[in-house]
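Taken from Swiss-Prot as is:
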- 147, 149, 150, 151: ATP binding site (BINDING)
- 1-73: region 'Domain I, interacts with DnaA modulators' (REGION)
- 73-102: region 'Domain II' (REGION)
- 103-323: region 'Domain III, AAA+ region' (REGION)
- 324-452: region 'Domain IV, binds dsDNA' (REGION)
């Protein structure tokens, strides 16, 4: 064990005594590596921005106090996320993967995943996959919008498998990191392809996050296609996440999307209010806050962040940190002080503003990758009629203006055409989960404060 690791292990022993089990397990244990520069700065690598920010905001002073206590030389600690780590030049490093740890965040478990109606099916199938890797659903494809728990559920599969079979070789990799590994190796030495393949193939379970990022990376897609087929034919478990159903992936080669669809696809939907409140209660219990957050406050926060659980949890952490810093009881006034800049009170207006209609049309066109003139125009190919009908439906849903007025926004279509389109979308959503997911995703984009 290196001196840096020894120092961190010593600090960990004190942290375990100072903080509760949840805080210790969630924040301090997941540190994956350490390295020290010539100026005595010891950089600690954690899995993501969330962990980095919490430690640096709330605990860094105590950690550096302990470092000074136990180090024989001047030293201070800094926490960074995995994405910030500057790697050694590719030519100087070996392509190695720690399969025992699998790049997994140990806090992402089935026990810490809050289950509700919106994710129940995905959760139960994930448990079956983890219990019988390679046998139940392969590939296992999880889709849903940003911040709804796809990564948590995917890594819970990996952690469960490792807990029950330490010999299993597991790898969690984000699609962009897979691309970077492949491109950087080839840019230095084209003969490294075999080494790349050998390392990625020597696993039992692969967890690939955000597969949609591979869009347009044709060479990487081809390499991933070869890897996919090899693992699949050898009964290795493949788990994939994406922000949309496989059938709606764009600029991904069809031979890949058809393989994704051949397994089991499950979606995680936007959780209902009661579910979001349960998530906040669980999060509050893990924060070691010693502060009471009332049901009314939790309900308010949950109502403001319907579409992104990470943002919702971030708001709760900000609120509790603010109250702790100023030694305040958490009231609605404190909520407004702490979260005012985050919330920016979104006032929804029903003004008949043509720009709002344009925005819906543009977002729908962008989502389905068709041009705005084709969306509004008279082309009858399904590629254009489906997004056109959805745009009509959403304008009616958001503004409840007359069908004739909506028709005027789509090349002067008549009342009955728009009425029929809206009824068809509403009817089809009840039977087609992929369509419902697409509409829900577009609604989220329309409501995003970044697009207002």
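Any Cβ shown, glycine's included, is placed from N, Cα and C.
Annotated features, which come from Swiss-Prot, shown on the structure.
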residue: 147; record: ATP binding site; Cβ neighbours (10 Å): 17
residue: 149; record: ATP binding site; Cβ neighbours (10 Å): 24
residue: 150; record: ATP binding site; Cβ neighbours (10 Å): 24
residue: 151; record: ATP binding site; Cβ neighbours (10 Å): 21
Per DSSP (helix/strand/coil reduction), residue 151 (ATP binding site) sits in helix
CB-centroid shell, 8 A cutoff, ATP site 147, 149, 150, 151, site residues removed = 144, 146, 148, 152, 153, 241, 268, 309, 310
Three-state composition of the region 'Domain I, interacts with DnaA modulators' (1-73), taking helix and strand from DSSP | 45 helix, 10 strand, 18 coil
